[in-house]
Amino acid sequence: MGALRLTLLHLALLATAAAGARPSEVAVGALFTYDSTIGRAARLAIELAVDDVNADRTVLAGTQLKLITQDTNCSGFLGTIEALQLVEKNVVAVIGPQSSGIGHVISHVVNELHVPLLSFAATDPTLSASEYPYFIRTTISDYFQMNAVASIVDYYQWKEVTAIFVDDDYGRGGVSALGDALAAKRARISYKAAIPPNSNTDVINDVLFRANMMESRVMVVHVNPDTGMRIFSIANKLQMMASGYVWIVTDWLAAVLDSSVSSDLKYMSHIQGLIVLRQHTPESDSKNKFISKWNSVARNRSITSGLNSYGYYAYDSVWAVARGIDQFLNSGQQINFSADPRLHDSNGSMLQLSTLNIFDDGEQMLQQLLLTNFTGLTGPVQFNSDRNLVRPAYDILNVGGSGSQLIGYWSNYSGLSVTAPEILYHKPPNTSSIAQKLHNVVWPGDSTSTPRGWVFPNNGQPLRVGVPIKASFKELVAGGRGPDNVTGYCIDVFNAAIKLLPYPVPCQFMTIGDGRKNPNYDDIIKMVAANSLDAAVGDFAIVRNRTRIAEFTQPYIESGLVIVAPVKQATSSAWAFLKPFTLEMWCVTGALFIFVGIVVWILEHRTNEEFRGSPRRQVITIFWFSFSTMFFSHRQNTVSALGRFVLIIWLFVVLIINSSYTASLTSILTVQQLATGIAGIDDLISSALPIGYQAGKFTRSYLIEELNVPESRLVPLNTIQEYADALKRGPKDGGVAAIVDEMPYVEIFLSYHCNFRVVGQEFTKEGWGFAFQRDSPLAADLSTAILQLSESGQLQRIHNEWFTRPSCSSDDSEVGATRLGLGSFWGLFLVCALICLFALLMFFIRICWQYSKYSNAEAAGEPSAGDADTTTTAVAAIDAAERQRRPSRLGSFKELMQFVDKKEEEVRRTMKRRSSEKDNQAAGSSDAQPMASA
């Protein structure tokens, strides 16, 4: 018992010593601008938080927080000086700074002094870099805010925005994050309007004027809250708050609106229709109590500004510091500072740098702060590996009337939604485009329809349209005396589509090419991608490698690749009538004719007199009947059911053979034949013959890269006449065997030269479209206009106006007629043969059955009439002898053939007569039995 008392006493002494080791107070610094929108809300929130911490016995028991604040005065230089003065007071952590610029500078100081920096308002994403390990952000980074902006832009399908930002660390960091977020949504910042810090009205007016000259009407404003409201006043004077504009404003405006009382909102008429982001803070009892307490104290102190979301983050920052210090002290750590030997005053300097001390256990304090995990006014206060708060979320507001309406939320968990993020956290994440939703928005100009988001730039510069000028095919594109005098089918389609746009688009055509040699079309598309041209109009095929660097409209004409080859008129011969069928086909057809004739003769021989007679006559009948069916002139009538069935099937086969023969013979005698024997793309590739293509077009790269045709086989051609000359000369005389080109060119070429034809099928499917720079909204609008032209029939009318020359027929059936072989008819012949065999099988089954009955009847009728008086024993002996003779008779093939050769009617009469004789014999036997017994 005594040992136990000593142990308890020892533990009590250790606890007393440990308690005595805890300091009575711990100094914590706060760094912000007192007289600012964020500073006024944060100052009171921080003071209330310190009071609440000191009043709470569960946190820092026995230790009080001592708050030391410094005013940065909205100045980077003064803020840096104030920060240095703050850290020389041996603070264990600093809450702030409010400015991202000061945060960058002070982060280097605290890195050396090991003092954690917890900022509730510095949102520059670059402060999360590993370069600043002691910087902890207790608010939401602009990285997430810009992702929210990009989600809104993508939701309304805008592709370009104009970024208006303050030109400092805060503004540049935010815009950089915006560019990355938009790129992930296939959108971009088309113009950056940077406003220098502390700019006057004239400078802001000049920046906005230049921004208004650009085509984008989606303005993203990322500036400081204390000077940002002037932007909208100036924009209103420039008529930039009218219908058609879109303004998306980051959370600084929400802080201004929340901090302003109704009497201060003199700028509300200038910000109608804006979309504003605000950090999302979930509703809770603790939040409502804090708001009530903050408002009560603010009234007592005559504070005229209101509370904004940054005040909540400042309040939670104090609690995060308090909990971190508590865990630090509970782990047995001591708060000690030591001088940095590298900092010393020299040469009589008045900076007194030696007063800056290093927090010895600052690294342990930093780790405790990063492990913070509690629920504050802003929701879960917990840091991820980038030292950012988890679960970032924003409210999305629409300014209208004297206030704003909540139209939805954005969270890093589920994107845009109309449901609060804290509810969605309990469901599986869903960031699909279908799940993204927002309520209706009233846009600037009191419009409820979603703005297009862009207009043609109002900078006096017309659209630079590149037009290829070629040596031929003037029906498509032709150059005049000047750049503006271009004509052709493609130009008319473009002009008609431009007229359908709901806004004017001035265009300046820029001809490319000298008209003697075709320009390279891929180079023209690269000029569009390089911003040397705004668009390319002409016969531009939409192919894969071009869509990677340019945006194409809806195709306005189909243009697959085809093969053009020379043809020659077929020469007639005395044996031309044999050409429709191959030798194999002739032999099989003749054999089938004879086979069917024999089958019908067998089926009809016993019942039809026309199929009987001498052997010579019957052989002639077989051949006559067989071949006369070819012309449906057979005079023999079929009377048996099986014979008629076979004849019907055979006449159908004969009809097919006759029709095919007639069509093939007609084709052979009338159509043109290929001069080179090339019937399609496979024949062309497998041959070693030269191939022509149109210079400058994508055909060359397609043949080389996709079809593996050697480049040495390809011959570039420029004009229609070169096409014709190369085809006429042929491979032997330095020409080409065939030309591969797009169908519209081939149609024009064939309208001039009818001794060439399209062979094979169209082996690619492309279309022609107008090319624009990537993500150009004009491409989408022109696509809609092209569809309108197509639906109204105007597109076809334009086509008919330019393609007026009658084109030679290019039907593949008219080129290179082929002979018909057995492969086209073997199925039909097989069916016919099987039906004939089936009919013969049924016929012989019936013959065997008749022969069996006939033999039985003949055996029963052999005894004479005198035998009726014999005894019963004699009759039995005769029956036994007949049974012994019957097998030899049935087994005689000669007798069977004789039976088959008999007429059906004769067999029936014989069987009927013998049946009657058998009945009479049976009656006589029954009369003889009573006489024998007598």
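Each Cβ is built from the backbone N, Cα and C atoms, and glycine gets one as well.
Look at TrEMBL and you will find 903-920 tagged as compositional bias 'Basic and acidic residues'. Residues annotated as disulfide bond in TrEMBL: Cys754-Cys808. Annotation source TrEMBL lists domain 'Ionotropic glutamate receptor C-terminal' at 462-805. Taken from TrEMBL, the feature signal peptide covers 1-20. The transmembrane segment annotation in TrEMBL covers 583-603, 639-657, 825-845.
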Contacting positions for the transmembrane segment (583-603) when only residues 6+ beyond its ends and CB under 8 Å are counted: 611, 618, 621-623, 625-627, 629-630, 638, 640, 642-643, 646-647, 650, 653, 657, 820-822, 825, 829, 832-833, 836, 839-840, 843
Quick one: give me the count of other CB atoms within 10 A of the CB of Cys754 (disulfide bond). 14
Any residues 6+ beyond the ends of the transmembrane segment (825-845) with a Cβ under 8 Å from its own? 585, 588, 592, 595-596, 599, 602-603, 642-643, 645-646, 649-650, 653, 656-657, 660
Would you report the average pLDDT that the model assigns to the domain 'Ionotropic glutamate receptor C-terminal' (462-805)? 84
